[in-house]
Amino acid sequence: MNTVPGTTDVTVLARAAAKVKRHVLPLFVVMFIVNYIDRVNIGFVRSHLETDLGIGAAAYGLGAGLFFVGYALFEVPSNMLLQRYGARAWLTRIMFTWGAAAMAMAFVQGETSFYVLRFILGAAEAGFFPGIIYYFTQWLPSSDRGKAMALFLSGSAIASVISGPVSGALLGIEGLNLHGWQWMFLIEGFASIVLCGFVWFWLQSHPHEARWLSDEEKTALSTAIAEEQRLREASQTVRPSVFRLLADRQILLFCFIYFSVALTIYGATFWLPSMIRKMGSFSDLEVGLFNSIPWIISIVAMYGFAALAARFKHQQAWVAVTLVIAAAGMFMSTVGGPVFAFVAICFAAIGFKAASALFWPIPQGYLDARIAAAVRSLR
């Protein structure tokens with residue numbers, strides 16, 4: 001192999017990166033699907049929680065939000081421990097504890113236990129998303145991370161479509177003196193615990209540990225990633241403080257934009273099943289199937305707007321268009337009956353995923369990779 005010292009053979013590097021993506025991306029997508037379902041499945045049992053436990057709309061909304069409080073508070077400690085113990089061990093731990101917390105939701109007794117377990121579930125999941133990003137930075141050169149990240153994020157789109165039918169079907173299970181909603185939490189949480197075993201045996205923390213890479217490929221990856229890190233550190237003559245970064249107007253704008261996108265997505269996610277139930281006398285499975293419709297629309301729109309942005313450029317303008325569509329749809333959902341509201345949510349869904357997908361290339365062009373990963377953790 002004829003290479004200059006300190007450089008990497010491009011062919012070997014490309015082959016190694018392709019192997020990494022084939023090895024880890026299918027597992028990461030499945031992990032994200034399971035993660036998303038465990039996070040949002042309470043939307044399908046709101047009426048059951050109210051009937052069986054007396055948990056009303058206000059208590060449900062508070063409990064749904066407490067997930068994100070736990071997630072935010074434990075995000076930084078989780079990321080620090082990730083770097084200490086390695087991605088393989090820490091991602092396995094995250095999956096096991098969130099699976100256990102998701103299963104424990106089956107034994108909620110009232111509002112207090114509902115609040116506590118939602119908070120614990122958020123704390124247990126903290127670090128998963130930035131952990132995946134950190135894993136990519138340790139295994140892939142920067143030129144390959146964007147496509148890998150896009151494929152990983154497809155797990156969210158897949159989960160949003162299948163979570164309704166899956167959860168709706170599980171709600172029909174009865175037995176052992178347990179309600180259908182309890183079986184749903186138990187089965188979906190147990191799936192995470194089973195999956196964590198695959199994570200432990202399938203992943204390695206660093207390229208040099210991978211038996212499925214040749215020595216030449218391990219060296220190519222390690223050299224390329226180390227060189228990127230060296231160049232990045234050399235270009236950072238001044239390291240801004242955390243407070244200075246948080247005061248940066250551009251960063252604050254990025255945070256506000258994505259907060260708005262996330263608020264819209266999760267607002268629809270947690271309340272859409274309840275809205276569908278008001279449309280008629282539907283079974284749990286039928287509610288789940290109806291719930292998939294806006295998300296199918298959102299996926300089609302996401303790829304459609306991505307194609308438009310790629311062809312006509314002006315990324316910021318397309319983000320603005322999708323945000324306006326999402327906002328208009330959400331506003332219209334508040335002024336009519338349940339059927340009109342459902343149609344309005346379907347319209348808003350045109351902007352849901354598209355706004356998120358089009359938004360991320362913008363901060364990536366402005367921020368250092370580590371800062372972009374931190375902002376992404378808001379997800």
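Numbering starts at 1 and runs along the chain as displayed.
Placement of Cβ uses the backbone N, Cα and C atoms for every residue, glycine included.
What TrEMBL annotates here:
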TRANSMEM  24-42  transmembrane segment
DOMAIN    24-379  domain 'Major facilitator superfamily (MFS) profile'
TRANSMEM  54-74  transmembrane segment
TRANSMEM  86-108  transmembrane segment
TRANSMEM  114-136  transmembrane segment
TRANSMEM  148-171  transmembrane segment
TRANSMEM  183-203  transmembrane segment
TRANSMEM  251-272  transmembrane segment
TRANSMEM  292-310  transmembrane segment
TRANSMEM  317-333  transmembrane segment
TRANSMEM  339-360  transmembrane segment
Tell me whether the transmembrane segment (54-74) sits in contact with the transmembrane segment (317-333), defined here as at least 3 Cβ pairs under 8 Å among residues 6 or more apart in sequence. no
Looking only at the domain 'Major facilitator superfamily (MFS) profile' (24-379), report the model's average pLDDT. 84
